[in-house]
Amino acid sequence: MAVKNRNTQRGGAGGGSAGEMVVEGAKNAEKKVEEALTVLLHELPLWMQDNHFIVSGYRPQSFSFYKSFHSLTYLHNETVNIYTHLLPALLFLLLGTYTVKTHLLPRYPTSTAPDLLSFACFFASASTCLGILAVARVGNKLDYLGIIILIMGSFIPSVHYAFYCRRRLAYAYWSMISLLGAGCAAVSVMPGFRTPAWRPFRAGLFVSMGLSSVLPVLHGVRIYGTRGMDERMGVRWLLIEGLLYIAGAGIYAARVPERFAPGRFDLLGASHQLFHCLVVAAAGSHLVGLVKGFDYLHSGDAQVCG
């Protein structure tokens, strides 16, 4: 009986030791994942597994600002996403400020403070949006807020030039976009905003805000005609901008091209990266439209408010 008891105790001790080894092995594996610069898709927590056609090059969950910003210094599958927004953000801020002050405003003696504010609004919103989206790719937050800022900052100066002679309409549309923007911003910071349950509401809110920019264009076409609105706000460039956004969103939603060759576009050429490039191109197209409106207002070739 004594021998049996000793054997049972040894077996229990051995079982406990084996269990401890399994736990210790799991902890070591988890630590290796945390310390690795990049990991595979299946090594991520479920909430980070968004695109199953991108199978490698992921940064592990770190809970560290230092590690997040350190990822700017090495290659992973968000590197292109970060720099396609970070570099244009700096370009819009620095080059935009220089161009407006030294080339654009001095072009006409009739240019005024509202012109400066209009371009400042656009360049500030574009730089802020792209900067926020770059940081969001680093820390995975704030991206919706950046989109809201860009929509508002693009909308306000375009309305200024479209309805320069009808200020009540301009004030009405500015109030509309401000209320929509404030509502979207308030919702975007709610903790549950990113959950699947909120997806329909989230999509509807941003679609309605994006489509709101169509209203002043249609209203202006009714007043001035298509040619008149193209002169006042560069409608053709706004259409190109819209097509670029739609194309980018479609590519991103369809997960093209990585769905046709999983793993091949992990670091370069993925849909999210193409989307980012098209967003930057769309912002550039909007800027051309603003310059057209500015030139029409101050060139003296037409009686703007006649």
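Using the three backbone atoms N, Cα and C, a Cβ is placed for every residue, glycine included.
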- Which is it, of 37-57, 205-225, that TrEMBL names as transmembrane segment? 205-225
- Task: Inside 10 Å of the Cβ of His276 (Zn(2+) binding site), count up the other Cβ atoms and send me the figure.
- Result: 24
- Query: Cβ-Cβ under 8 Å from His272 (Zn(2+) binding site), same chain, 6 or more residues apart: which ones?
  - Reply: Asn51, Asn81, Tyr252
- Folded-back contacts onto the transmembrane segment (144-164), same chain, C-beta under 8 angstroms, at least six residues removed: 114, 118-119, 121-122, 124-126, 128-133, 136, 170, 173-174, 177-178, 181, 184-185, 188-189, 193, 206, 209-210, 212-213, 216-217, 220, 229, 232-233, 238, 283, 286, 289-290, 293-294, 296-297, 304-305
- Query: Going along the chain, which residues at least six beyond the ends of the transmembrane segment (116-138) come within the CB cut-off of under 8 Å?
  - Reply: 68-69, 71-72, 78, 81-83, 85-86, 88-90, 92-93, 96-97, 100, 104-105, 145-147, 149-150, 152-154, 156-157, 160-161, 276, 279-280, 283, 286-287, 290, 294
- Item | Same-chain residue ranges lying at least 6 outside the transmembrane segment (273-291) that approach it to Cβ under 8 Å | 80-81, 84-85, 88, 92, 104, 118-119, 122, 126, 130, 133, 150, 154, 157-158, 161, 233-238, 240-242, 244-245, 247-249, 251-252
- Task: For the transmembrane segment (205-225), find every same-chain residue at least 6 residues outside the stretch whose CB is under 8 Å from a CB in it, and list them.
- Result: 144, 147-148, 151, 154-155, 158-159, 162-163, 166, 169, 173, 176-177, 180-181, 183-184, 187, 232-233, 235, 238, 245
